[in-house]
Amino acid sequence: MAKNVVVIGAQWGDEGKGKIVDWLAEEAGGVVRFQGGHNAGHTLVVGGKKTILRLIPSGILHEGLDCFIGSGVVVSPEALLGEIDELNAAGVKNVEGRLKIAPTCPLILPYHIALDQAREASRGKGKIGTTGRGIGPAYEDKVARRAIRAADLLHPEKLREKLDAVLAYYNVQLQYLHNAGPVKAEDVMAVIEKVAPRIAPMIADVSRVLNEKNKNGEKLLFEGAQGALLDIDYGTYPFVTSSNCLAGAASAGAGVGPQMLDYVLGIVKAYTTRVGSGPFPTELFDEVGAGLAERGHEFGSVTGRARRCGWFDAAALKRSIQINGISGMCITKLDVMDGVETINICVGYELPGGGKTDILPCGSDAVETCKPIYETMPGWRESTVGVKSYDALPANAKAYLKRIEEVCGAPVAIVSTGPDREETIVLHHPFA
């Protein structure tokens with residue numbers, strides 16, 4: 001019997017993880033964010049009301065449910081408190097009482113944001129597409145062992161000494177490499193002194209609490225951010241995020257042993273999207289792509305940036321299934337494909353020199369040279385919006401899902417036919 005479930009994005013992010021985590025949270029005893037920062041939004045729609053979460057786990061809307069931010073997450077205290085205030089204003093109960101933050105979480109502070117934005121501006125046409133929220137520099141500090149972490153908020157007398165050393169490093173870069181102004185220690189301390197009284201009570205030994213919950217038989221839900229193809233190691237590098245987005249990162253990022261991860265649910269959009277720069281073999285530049293973007297409301301929930309749209313890429317998904325050990329797939333936004341007369345599925349790529357491959361190559365340069373090989377299927381005219389039974393889906397929609405299973409080599413467990421929590425078809429429940 002599966003007890004703990006990891007939910008990850010199996011493409012380039014924006015697959016609809018938030019809705020599915022919110023839906024699964026009904027049966028969970030705790031929901032955990034284990035990587036990323038506030039650079040991506042998870043959108044939930046409950047009873048027609050939309051909520052966008054960036055740092056707080058998507059289970060927070062369930063009254064009484066404990067939520068956790070593991071040490072793999074880089075936390076902006078200001079963004080976190082802003083999100084809490086939004087939830088409080090919306091009537092969500094006891095947010096601060098139910099949210100626990102690992103003491104080992106690196107903090108995102110003003111100098112991270114300043115350097116992130118200065119670097120991106122300096123890249124010119126070579127921009128990576130960072131959100132400019134300081135995520136990358138914060139992860140750099142973690143690896144370089146100079147991060148200011150959540151636990152440091154409990155010891156302000158030592159924090160100032162650490163801050164002075166960090167700013168000496170940052171201001172050299174800002175002033176001499178990027179021709180930007182320095183960040184003042186007094187300004188950073190003002191932020192810290194403002195947020196510390198509210199953040200400190202939420203700091204807890206997340207790893208210990210999660211392991212205790214597991215021993216007590218409570219189901220745990222691990223919520224990933226971004227997508228596997230943006231992973232710092234296995235994504236289309238350098239056009240990737242700064243963290244490990246794979247299912248395996250749930251263990252280290254939450255502080256639990258890998259034996260506690262029973263089921264990996266890969267969230268997969270019924271077509272493919274990507275935000276920002278980077279190779280995208282199946283990208284569409286015609287009216288079909290424009291139609292997907294319009295019907296799918298393909299704009300970033302945090303940045304507002306338009307997402308690039310393309311055909312379903314089964315070869316890319318194969319890579320994701322391989323590196324995540326995906327147990328089952330949740331296909332989202334099936335309803336956006338309604339009315340597309342002819343559908344293409346990318347089943348592989350032609351390579352320079354005449355070769356072929358049925359799986360996404362590693363690295364951006366290799367992917368850039370790939371030419372998609374398509375299979376064509378008939379679409380469907382009937383509406384799938386809000387359909388809650390697999391048998392009620394159009395025959396061609398079911399054939400599309402079946403072909404995705406066959407080409408990718410993983411079963412479809414869930415189908416989402418709309419943004420609301422209830423617009424969901426369950427073929428196999430991950431917690432079953």
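Cβ coordinates are placed from backbone N, Cα and C, and glycine is handled just like the others.
The GTP binding site annotation in Swiss-Prot covers 13-19, 41-43, ARG307, 333-335, 416-418 and rests on sequence analysis. In the three-state DSSP assignment, the secondary structure recorded for LYS19 (GTP binding site) is helix. Sequence-distant contacts of LYS19 (GTP binding site), defined as residues of its own chain at least six apart whose C-beta falls under 8 angstroms from its C-beta, comprise THR43, LEU44, VAL45, SER58, THR332, SER416, PRO419, ARG421.
For GLY41 (Mg(2+) binding site), the number of other Cβ atoms no farther than 10 Å from its own Cβ, over all displayed protein chains, is 18. If you look up Swiss-Prot, you'll see ASP14, GLY41 marked as Mg(2+) binding site, on the strength of sequence analysis.
The IMP binding site feature in Swiss-Prot is assigned to ASP14, GLU15, GLY16, LYS17, ASN39, ALA40, GLY41, HIS42, THR131, ARG145, GLN226, THR241, ARG305; the stated evidence is sequence analysis. Packing around THR131 (IMP binding site) is summarised by its Cβ count: 21 other Cβ atoms lie within 10 angstroms of its Cβ, all protein chains included.
What Swiss-Prot records for ASP14 is active site, proton acceptor, and it gives sequence analysis as the kind of evidence. Under the three-state DSSP scheme, ASP14 (Mg(2+) binding site) falls in the coil class. Summarising the environment of ASP14 (Mg(2+) binding site), the number of other Cβ atoms within 10 Å of its Cβ, over all protein chains shown, is 26.
DSSP classifies HIS42 (active site, proton donor) as strand under the three-state reduction. Per Swiss-Prot, the feature active site, proton donor maps to HIS42.
Look at Swiss-Prot and you will find SER301, VAL302, THR303, GLY304, ARG305, ALA306, ARG307 tagged as substrate binding site. Taking a C-beta cut-off of under 8 Å and a sequence gap of six or more, ARG305 (IMP binding site) has these contacts in its own chain: VAL275, GLY276, PHE299.
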Neighbours of ARG307 (substrate binding site) among the binding-site residues ASP14, GLY16, GLY41 (Cα to Cα, within 10 Å): ASP14
C-beta crowding around THR43 (GTP binding site), within 10 angstroms: 19
Alpha-carbon distance [GLY16 (GTP binding site); HIS42 (active site, proton donor)] in Å: 7
Those recorded positions listed as HIS42, ARG307, and which of them has the most Cβ atoms within 10 Å of its own Cβ: HIS42
Spatial neighbours of GLY41 (Mg(2+) binding site) among the binding-site residues THR131, GLN226, ALA306, LEU334, THR417 [C-alpha, 10 Å]: GLN226
Listed binding-site residues among GLY13, ASP14, GLY16, GLN226, LEU334, THR417 whose Cα sits within 10 Å of GLY304 (substrate binding site): none
